[in-house]
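Asks: Under the heading domain 'Apolipoprotein N-acyltransferase N-terminal', TrEMBL lists 17-173. TrEMBL lists 12-39, 60-80, 86-108, 115-133, 153-175, 187-205 with the feature transmembrane segment.
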């Protein structure tokens, strides 16, 4: 019974993460949710890593896969109008790639530490691959989540859309660390600077135009 409750809590966290990301996407457009969409997944990973359960890596992969499957399903469901098989394949493949990047974060974090840097590299590499291969899939590049608010990402002219993906991932991670730490003041300052500095830069760049 205890195992069932723990599993349901993990499922809840994974579901919340997928839904937050879906609601943040331009179709609905609650873009601030981009900055917290990964937080439940970070909490889930930390919870599993600290537990005494077996097959921790498999659990992290499975729950993150479910989360990203929901994200794909609710944001690109329209593909089924063209082909049902193609839609299912797209949902599964994209969720697989995203979950693999998140699993690498778990693996490196629990072996040599500093997993966040691996997540950044793995995620952006995955998105870059998606943008440049024959079956290009740009829709769910995280940085595209600001499509309705280009005024806050004027610096894309220097970083491209992948810079927005890095901003989203880093902000989510530091918000997660803020929730974890006892030293809230310093952590809050980091989160605030990470949120505001890119927006101020965008404002400055817009004034130069």
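Every residue gets a Cβ built from N, Cα and C, even glycine.
What's the neighbourhood like for each of these?
Replies: Within its own chain, the transmembrane segment (12-39) has Cβ neighbours under 8 Å at 47, 63-64, 66-71, 74-75, 142, 144-149, 168-169, 171-173, 175-176, 179, 195, counting only residues six or more beyond its boundaries.
Beyond the transmembrane segment (60-80), the same-chain residues lying 6 or more positions past its ends with a Cβ under 8 Å from any Cβ of the stretch are 10-11, 13-15, 17-19, 21-22, 25, 27, 40-41, 44-45, 48-49, 86-87, 90-92, 94-96, 98-100, 102-103, 106, 139-140.
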Asks: In the same chain, which residue numbers or ranges, 6 or more beyond the ends of the transmembrane segment (86-108), come under 8 angstroms Cβ to Cβ?
Replies: 41, 45, 48-49, 56-57, 60-61, 64-69, 71-73, 76-77, 79-80, 114-116, 118-119, 122-123, 126, 130, 137, 140
Asks: If you average per-residue pLDDT over the domain 'Apolipoprotein N-acyltransferase N-terminal' (17-173), what number do you get?
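Replies: Per the prediction, mean pLDDT sits at 93 for the domain 'Apolipoprotein N-acyltransferase N-terminal' (17-173).
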